[in-house]
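Per TrEMBL, the features are as follows:
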- 28-192: domain 'tRNA(Ile)-lysidine/2-thiocytidine synthase N-terminal' (DOMAIN)
- SER33, GLY34, GLY35, ALA36, ASP37, SER38: ATP binding site (BINDING)
- 188-217: region 'Disordered' (REGION)
- 297-365: domain 'tRNA(Ile)-lysidine synthase substrate-binding' (DOMAIN)
- 368-389: region 'Disordered' (REGION)
Amino acid sequence: MVGPRPAEAAARRAVRSAVHDLGPGAFVLVACSGGADSLALAAATAFVASRDGLRAGAVVVDHGLQHGSAEVAAVAAAQCSALGLDPVEVRRVEVTGAGGLEAAARRARYAVLDDVAHRTGAAAVLLGHTLDDQAESVLLGLARGSGARSLAGMAAVRGTYRRPFLGLRRTDTEDVCTANGLAWWTDPTNGAPDVAPSQGPVRSQGATPVASAADPGGPATLPAVALPLRSQVRARVLPVLEDVLGPGVAVTLARTADLLREDADLLDELAGRLLDDARVVEPADAGPRPRVAPVVLDTEVLRSAPAALRRRALRRAAAEAGSPAGSLFASHVAALDAMITDWRGQGPAHLPGDLRALRTRGRLFLRPARTPSPERTVPAETPAEPAQE
Ligand SMILES: Nc1ncnc2c1ncn2[C@@H]1O[C@H](COP(=O)(O)OP(=O)(O)OP(=O)(O)O)[C@@H](O)[C@H]1O
């Protein structure tokens, strides 16, 4: 009897190791787009579940953003069912909201995944991100200039989410699909060469496209610059890097992510402790309770801490006070930091989320801009702070 191909064996090993801690009969959910990565994940998970006494289902999210997306979702769901996953759910979402289409689609997708996981009692939700996706994340983080955490890429485990394939290449997942006779969907916005996005879904492995053209006149191929940023990194940047630096560059970028994740985890933990040490608990005042409690910090505790921890602690403090996730730029953190390390009596710093940071009498107050000035809430006996320290 012929054994599994190396890629298939590696995929099964990866899934087995990602779910090894789950008890017998546990339910795992595969998030399947119909692309090669998540179809391979569905196949490997179905195999492992049947051997290891787990139950496995799938959820396919139809973002409704491309012509024929409902059919793509229906085909993916049928493939998951044929692999033995049960139940398999297709959910159509409304992609709206701030931050661009990609971010809105991601938000809607994870909301559905959370919801289905909750409802089905899934012990884990498996995602098909590969080493190539990880390398792209590192490059995007590098270009954003936003520090070790964003260079650390995606974690293998985050809450109920698990990414068994972070050690596999995209070519491996395509191999797995081929070995299982699975025709996968190629997202035209991923930058596949010679694919016209409005021509509807494209299936690899010789399968017939499942939808007709949105524009029967035959649209031109999407120019690379019109692709989402991640797709441009995939289609244009990584090939150049591999050409110049060698074919192992994706592997070394992914290794960079692994190393930096360990560092970032440690720094985050230490910064959390610093924030706890610096936190001043204010006596409750008589007025109406603010929507988000102000964060009050002892500037001296922060000043004596290393910059790497202090800046992280300030970033966390701003988030805690109400700055929306992802809205805080390096310049905001630098302004906060200057109020600690370069105090010249400067005025308040304005932060995203309509927050204001104000220093007075050895304390840094982070609070909504429209709350009363902290001077009135600081006990009178607190010694006045000189403008220069
Ligand atoms: N529409 C969707 N429905 C369900 N899960 C999805 C959907 N889109 C993405 N996912 C999950 O998120 C993972 C990452 O998706 P993304 O589109 O970023 O990468 P990808 O490399 O193109 O993956 P794939 O080849 O599986 O589409 C997928 O492997 C899958 O597990």
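Keep in mind that glycine also has a Cβ here, set from the backbone N, Cα and C atoms.
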Other residues, Cβ within 8 Å of SER33, GLY34, GLY35, ALA36, ASP37, SER38 Cβ centroid (ATP site):
CYS32, LEU39, ALA40, LEU41, ALA76, GLY128, THR173, TRP184, TRP185
Residue with minimal Cβ packing [other Cβ atoms within 10 Å] among the binding-site residues SER33, SER38:
SER33
Least buried of the binding-site residues GLY34, GLY35, going by other Cβ atoms within 10 Å?
GLY35
If you average the pLDDT over the domain 'tRNA(Ile)-lysidine/2-thiocytidine synthase N-terminal' (28-192), what number do you get?
94
Please work out the number of neighbouring Cβ atoms within 10 Å of the Cβ of ALA36 (ATP binding site), leaving out its own Cβ.
26
Are there any residues at least 6 positions away along the chain from ASP37 (ATP binding site) with a Cβ closer than 8 Å to its Cβ? List them or say none.
GLY128, HIS129, THR130, ASP133, PHE165, ARG170, THR173
